[in-house]
Amino acid sequence: MAHPMQLGFQDAASPVMEELLHFHDHALMIVFLISTAVLYIIVVTVTTKLTDKYVLDAQEIEMVWTIMPAVVLI
């Protein structure tokens, strides 16, 4: 039964719906892990003081391009 202010799916009424709920949970976990890994890499890249003379200073825009899809997915 669905409840007001419920964030997830309602209770499954069939075996197919139960499998769909498991798939949804699994897919969200994968998205969360990928987003966390990308965020960690961005934080490490931005906070480290090591630079390469061939790297252009466009890290801010690259960071935005990488973070925006994660924000949209959330």
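Positions of Cβ are set from backbone N, Cα and C atoms, glycine also.
Residues or ranges marked as topological domain 'Mitochondrial intermembrane' by Swiss-Prot on the basis of similarity to another entry: 1-14.
According to Swiss-Prot, the feature transmembrane segment maps to 15-45.
Annotation comment: Swiss-Prot describes 46-74 as topological domain 'Mitochondrial matrix', evidence class similarity to another entry.
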| Tertiary contacts of the topological domain 'Mitochondrial intermembrane' (1-14), as residues 6+ beyond its ends and Cβ separation under 8 Å | 20-21, 24
| When DSSP states are grouped into helix, strand and coil, how many residues of the topological domain 'Mitochondrial intermembrane' (1-14) land in each? | 0 helix, 0 strand, 14 coil
